[in-house]
Amino acid sequence: MGGLLGKTKVAAGSGIREASRGRSLYAHGLGFWTDRSAVHEAAAQGRTAELQQLIKNGALVNIVAVDSITPLHEACIQGQTQCVQLLLEAGAHVDARNIDGSTPLCDACAAGNLECVKLLLEYGAMVNPPLFTFSPLHEACMGGNPECVQLMIAEGALMEAHDCHFGTPLHVACARQHLDCAKILLNAGANVNAAKIHETALHHAAKASNLEMIELLVEFGGNVFARDNLDKKPIDYTSPGSAAALCLKFYETEPLSLQQLTRVALRSALGKRALDAVPQLGLPNRLIYYLTYMPTPLSELLTSTQAEPN
């Protein structure tokens, strides 16, 4: 496929517009691709006035770089909300994919820009694009962006979406040691014992020697005896005598209390409906807080104490 070297011009709208300076341009996919166009640069750097003028002059908003990145990808990666708005209004493809299959929503979630994420959703971005790699929820967990994780789940993101290399979003959150993201996933009903080549999130927490993560996963029913494809339990990935090793050894020898096991069983039965269903069971508030892994408010504790007979 031949290239046009030098100052390349392409037909756009009513006239001939300059698309790239000293770079090659080819017909491809959405229309054209280039090493990096003026539209890409303006979008990435948040130069809204320049981007607006380029669009007005007929620049191609869906022009694609050699790695299949569109200007919308660039704006989302850099969190340039105003540029995202301009591009979408001008007809940018909201679910365009780059060479790795990522959509602009994936990039916005990775960057943790909640406003960009909301804007893309308003324009119909797919929460669960058909990918074999990272979904937007995976990206939010990888970046440690709990607000984006929460929003993706609220919008219907699949918590068991499986990346061929990294597993589920919970695997990613634990491998990257993002405790807040893991808490949100678990409380929303993510499968604590989901396996990636027999490896669970607890294996990841053990490898990282993350005591808080280990305790969180076990509280939600993480199986301390689960074995991966190397026939290793989580404890086998810890250093002997370390806090993580002692913690896992304790849970191997001292099972959860009946109260804790009941909570795990109920949550498992309710699955992703737990947060909505538990408050409707007609239980005392303190029990609802316990079953939803929420701390009991101080006002509730004081009320209970005052109500107790002397």
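Just so you know, glycine gets a Cβ as well, placed from its N, Cα and C.
These features come from TrEMBL:
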REPEAT    67-99  repeat 'ANK'
REPEAT    100-128  repeat 'ANK'
REPEAT    132-164  repeat 'ANK'
REPEAT    165-197  repeat 'ANK'
REPEAT    197-229  repeat 'ANK'
DOMAIN    245-297  domain 'SOCS box'
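In the repeat 'ANK' (197-229), helix, strand and coil residues by DSSP number 16 helix, 1 strand, 16 coil. Long-range contacts of the repeat 'ANK' (165-197) within the same chain, counting only residues at least 6 positions beyond its ends with a Cβ under 8 Å from a Cβ of the stretch, are 133-135, 137-138, 140-142, 144-146, 149-150, 153, 157, 159, 204-205, 207-208, 210, 212-213, 216-217, 220-223, 226, 228-229, 267, 270-275, 292-293. Model confidence over the domain 'SOCS box' (245-297) is summarised by a mean pLDDT of 88. Each residue of the domain 'SOCS box' (245-297) gets a DSSP state, and the totals for helix, strand and coil are 39 helix, 0 strand, 14 coil.
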